[in-house]
Amino acid sequence: MSSNSFPYNEQSGGGEATELGQEATSTISPSGAFGLFSSDLKKNEDLKQMLESNKDSAKLDAMKRIVGMIAKGKNASELFPAVVKNVASKNIEIKKLVYVYLVRYAEEQQDLALLSISTFQRALKDPNQLIRASALRVLSSIRVPIIVPIMMLAIKEASADLSPYVRKNAAHAIQKLYSLDPEQKEMLIEVIEKLLKDKSTLVAGSVVMAFEEVCPDRIDLIHKNYRKLCNLLVDVEEWGQVVIIHMLTRYARTQFVSPWKEGDELEDNGKNFYESDDDQKEKTDKKKKPYTMDPDHRLLIRNTKPLLQSRNAAVVMAVAQLYWHISPKSEAGIISKSLVRLLRSNREVQYIVLQNIATMSIQRKGMFEPYLKSFYVRSTDPTMIKTLKLEILTNLANEANISTLLREFQTYVKSQDKQFAAATIQTIGRCATNILEVTDTCLNGLVCLLSNRDEIVVAESVVVIKKLLQMQPAQHGEIIKHMAKLLDSITVPVARASILWLIGENCERVPKIAPDVLRKMAKSFTSEDDLVKLQILNLGAKLYLTNSKQTKLLTQYILNLGKYDQNYDIRDRTRFIRQLIVPNVKSGALSKYAKKIFLAQKPAPLLESPFKDRDHFQLGTLSHTLNIKATGYLELSNWPEVAPDPSVRNVEVIELAKEWTPAGKAKQENSAKKFYSESEEEEDSSDSSSDSESESGSESGEQGESGEEGDSNEDSSEDSSSEQDSESGRESGLENKRTAKRNSKAKGKSDSEDGEKENEKSKTSDSSNDESSSIEDSSSDSESESEPESESESRRVTKEKEKKTKQDRTPLTKDVSLLDLDDFNPVSTPVALPTPALSPSLMADLEGLHLSTSSSVISVSTPAFVPTKTHVLLHRMSGKGLAAHYFFPRQPCIFGDKMVSIQITLNNTTDRKIENIHIGEKKLPIGMKMHVFNPIDSLEPEGSITVSMGIDFCDSTQTASFQLCTKDDCFNVNIQPPVGELLLPVAMSEKDFKKEQGVLTGMNETSAVIIAAPQNFTPSVIFQKVVNVANVGAVPSGQDNIHRFAAKTVHSGSLMLVTVELKEGSTAQLIINTEKTVIGSVLLRELKPVLSQG
């Protein structure tokens, strides 16, 4: 074989080694076939001879065969002396393979490896980067304390190597040296600090791993490199991403305040709506002050989001745990889709992902409810996957989906996998405990399972029924009698013990059956399982105390049998019971209370998820999987009450930028920044910090100069950002002035558009919009003042026009007022059009034009029909005389433009006054908000009152659960909106309708064919039926056979376009176009039967 036949590449060495090993087997001498009977003395002798040969081709062939043996898992350690002699070979291919071998066996053959240490040291200076890296790997694999100084020196030199591959191996060597000699920690930290500043993506993951192993508590080393790591994250290799994300998760928990308080505080602030002006002002101030996300916090969340699409399951899981632990709860929902995608992987990945989903679904059900069907069990799933899916389905069960889940569970009970069937029965029991509405249904189903042929199913059903009956023992005497009959057929000890315990607890309710059961059990006492024997003793004791005449002798007989039982637990229990229930001279005071002790009411067992207590472990870790703290686990710290100084993450700025700034500039910027809303500061500053490391550093440095601003990091104004870019553009020279300005303004516009998009996402209030309009004025003023005197007169006039136009436009923005009746008029909401990068003056002139001249206008209109149908909120029987009904008035909600208005009518059907009617505890899905009505002091007998509420359903038909309370009672009530009430009617032209419909195609379009009598397809009938189901507006149509309706969703403002196209005969096609595909599908299902019926 020639030396060029198998070129060895370090990157793919493992795969080639395997192939070489396969070829090697064919060249072994025939005697190797009888290796079982031959002597081991001459084993591998041919390889040793080839390694000692003078020919490089023979040596290379031998090394390939040896590496092939290693790849197959065979022991090649006896060849170490022969291999190590070739470490100084001049052939680069041989040297690479020798180092691969030495890395594997240097730790086992330390003495022989030490003989060649001088060769390794020389190799550290080799021109080939692979040889330098391999030499360092071998050197760090020789775990002998005597060479620690040599290793330390080699690591320091390698950390400054020009090759990032060598620096990467230096980071790997740090961990090995630290485990060999922990006393080198301080010197190694210096190397880690140096490598953390490395800008190569190849080094980042390895050095962070070294940091986690050596000094995970040295958070100060991360400060200056935090933004760089966030920006490099997407380009780092996959396994490095995992390590970095876990480290940054811990870092964020120590450096930023909790983002989870925001929603709670806003919800609390919304409770007291009608208050005095002073109180309202205090509430508004509170709403603004509590929490603003740090731009660096936002940077981390935004830069990890793309990694949810990674092909590596570990990366996706790492990002998911980061979002779970440090992102606002409203943003954590995006991880659910990615985690569900991982369920298509192999079973090992599924197991870990399902465990993490099980933990998440306990705290935030809403995240995974849309993907309920993804957790249905498949026949091909292994048992461990099936039980985890059952756990998740149980956690996601609620009143809305329990009927579907119970049908699914019925199928699972019939499974051939008995362990899975038993787990399903346990799940049904938990559902019955958690959802009281289906407790009786589940109990009846479990009783039916008692007649199942499979004994394991019957036994598990008995155990679960016993737990359910403890919740309501007085109501189910018949079930207890039925279970008593099963004692003759059931042999599973746990089930027999459960039946005996139930009979003993309810012996007074079944006085005739209990003694007979005890008689039967006395006959078979000696052959029963220990668990059953204990319950027989308990049953005898309880009957002795309640029915002594019939069972006294029987109990004494059982106690005598227990006295001589082989199990010491049985004997101990027998002595205890005898002393307690059979009075004698030696009996103490306890015997007086024997009845209270044995027949005391026991609390019902609490059926909880086994994943309930795992949330204190970081998701995705070994500790979370095992539910025990593993070696090396680093706990997540609690959020700090006050955020540490954010300036520690600022990188030093270059001196040039400081010198160029004109005098007085900083003052103007400071005064302008006072007008900025907090949400704008957060979004824009985080945007600019993500552009590049140098930009984030320089901008942070400028902020550090100002000294007066603590928390704000960067400028948030679109005009000031374009101004800064244009000023930096002028430095390049007068001839490039115009070009640089044009580019900088275009960039400023795109940045501002990004900022606006993020502001929409963060749902900024109207007050922040007012502030942003004042920012525009102030920033345009500062820009016009900073223009140099050399600018032309026409430019100055243009600036004045722009300023005047903006000032004219500013008063149009106004605060929302409760008494402002104009809010009920149709609100004009123009369709957003893409903004080209125009000059500021032209932009100002265009913005000053009236939008009414545009042909593309979509505005909210008044409802075409208001249904009078009411829904029962609280029945008078359930409400102890208080009845409540609600309906949807289809008018704009005065409590918020994203809320659906609801009117509730309360009736007092009693002959007494009902006092203090108010809303109590709210159990709303994630993201949903509710504005409650003011408490009603009293409601007279036969009196009635109507109140208004607002609920933001987040464009979903999820149920809003809350408590309607009086002075004495609280009642659980639910409001589930019809999908048609989540819409606002809009007025638009046929042209605009077709244009929008052309955009919303593909997955955004759902359709169905309707069959009905011709008289049901007249325009008036179609109109009446559609507006009765949904709050939509009619769109003028130029064709008689096509009827169009349009609306937008209340929460997000997404268009909902409905088309009814009449076909030949008695058929029609119903088409719905919308981005909200779920709502569109539900609306289609509701409209189809209404349009079909006569």
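The backbone N, Cα and C atoms fix where each Cβ goes, and this holds for glycine too.
When S692, S752, S768 are compared in Swiss-Prot, the phosphoserine annotation sits on S752. Checking the candidates S750, S772, S778 against Swiss-Prot, the annotation phosphoserine falls on S750. Swiss-Prot marks one residue of S29, S609 as phosphoserine, namely S609. Per Swiss-Prot, the residue from the list S12, S276, S679, S744 bearing the note phosphoserine is S276. In this view, S609 (phosphoserine) is surrounded by 17 other Cβ atoms within 10 Å of its Cβ, with every protein chain counted.
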